[in-house]
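Swiss-Prot has this to say about the protein:
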- 1-169: region 'CPSase' (REGION)
- Ser45, Gly217, Gly219, Leu245, Gln248, Asn286, Gly288, Tyr289: L-glutamine binding site (BINDING)
- 169-356: domain 'Glutamine amidotransferase type-1' (DOMAIN)
- Cys244: active site, nucleophile (ACT_SITE)
- His329: active site (ACT_SITE)
- Asp331: active site (ACT_SITE)
Amino acid sequence: MKRYLVLEDGTIYPGTGFGATTATVGELVFNTGMSGYQESITDQSYNGEILMFTYPLIGNYGINRDDHESIKPTCKGVVVHEVARRASNWRNAQSLDDYLKQNAIPGIMDIDTRAVTKHIRTKGAMKATIVDNVLPDTVDRLKVTELNRAVVAQSSTNNAYPNPATGPNVVVVDFGLKHSILRELAKRQCNLTVLPYNTTASEIMALNPDGVMLTNGPGDPKDVPGALEMIREVEKHVPLFGICLGHQLFALANGADTFKMKFGHRGFNHPVREIATGRIDFTSQNHGYAVDRDSLAQTDLLITHEEINDGTVEGLRHRDYAAFSVQYHPDAAPGPHDADHIFDEFIDLMAANQATQKGSQFNA
């Protein structure tokens, strides 16, 4: 079935449809990973976006039951060069085509995704649509289409739920979390309580947490202003750790600014340097916004990590509080596990804070 990928600037790419047969509109973004398409499609950080893969063959190992990063994918569409006709993997449960149909996500193939990526890198991120027919007003209608900005509310859990264990009590504030974050914390025996994105500081502190995690999520951090007051209050009392969107919200809550990147970081080969040690980790990333480096000068935040290629702020730490964040995904999924030691640093921070509190009680 003939379909078209139409960009906001009027560029049109003809291709062949697969997945759901509906039309769609979203921001077109590209992922440079050579694998991990299942984890990416089910990552809530892609909510509202049309996800394009630069690797030329997608779907060759199918979709399995284990690697979902969320229950329901929310990306608006999938763009590939070629979809594998047959999936070959012992865990394969269904084809990519069937999975997209099942979840009402349209796809388009036979697209030169590397050429489209070069176009996006030059022109910047823009809206796009996948349609069966290009009409005279298709581009004009695309230009005036307002994309949904309430994506965090859509991606977050509506109800609190536990993931019990015997270790430290960690409250996870869900802005669109990946299951791999919960897995990494569970590996370290954290007793988890996952809460909606709009939970207040008083509601969090009523659970007597040993630490608070701010997860990844979709969209512009400035569209979640209610989280900032919660962060400002919580960081005074217990260790706090933010990832991706959580990192950006942590920065905003402490007086820094964020900005929309030209085309973002989406892939899992991004080199990040830890400034204090010079250690370099290859990291998994998925973000279209970043912290403004210059805006940090008048805050109590210190830069701990930076992206080697373009200098993006990749890590922050508070001068006075036991609070820190990273822009990248130390949980990987997909990608390298170079940076999973960051979770151990969170565990150590909680242990040190508990020891300090016990010492204060003893001295009193």
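Placement of Cβ uses the backbone N, Cα and C atoms for every residue, glycine included.
This view paints the features noted in Swiss-Prot onto the structure.
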residue: Ser45; record: L-glutamine binding site; Cβ neighbours (10 Å): 31
residue: Gly217; record: L-glutamine binding site; Cβ neighbours (10 Å): 29
residue: Cys244; record: active site, nucleophile; Cβ neighbours (10 Å): 32
residue: Leu245; record: L-glutamine binding site; Cβ neighbours (10 Å): 32
residue: Gln248; record: L-glutamine binding site; Cβ neighbours (10 Å): 30
residue: Asn286; record: L-glutamine binding site; Cβ neighbours (10 Å): 29
residue: Gly288; record: L-glutamine binding site; Cβ neighbours (10 Å): 19
residue: Tyr289; record: L-glutamine binding site; Cβ neighbours (10 Å): 19
residue: His329; record: active site; Cβ neighbours (10 Å): 27
residue: Asp331; record: active site; Cβ neighbours (10 Å): 26
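A strand conformation is recorded for His329 (active site) in the three-state DSSP classification.
In the predicted model, the region 'CPSase' (1-169) shows an average pLDDT of 98. According to DSSP, Leu245 (L-glutamine binding site) sits within a helical segment. Same-chain neighbours of the L-glutamine site beyond Ser45, Gly217, Gly219, Leu245, Gln248, Asn286, Gly288, Tyr289, judged by a C-beta within 8 angstroms of the site's C-beta center, are, in sequence order, Gly176, Asn216, Pro218, Asp220, Pro221, Cys244, His287. Geometry remark: Leu245 (L-glutamine binding site) versus His329 (active site), CA distance 10 Å. Relative to Tyr289 (L-glutamine binding site), the active-site residues with Cα atoms inside 10 Å are Cys244, the candidates having been Cys244, His329, Asp331. Distances between the Cα of Gly217 (L-glutamine binding site) and those of the active-site residues Cys244, His329, Asp331 are shortest for Cys244.
Comparing Gln248 (L-glutamine binding site) with Asp331 (active site), their Cα atoms are 17 Å apart once rounded.
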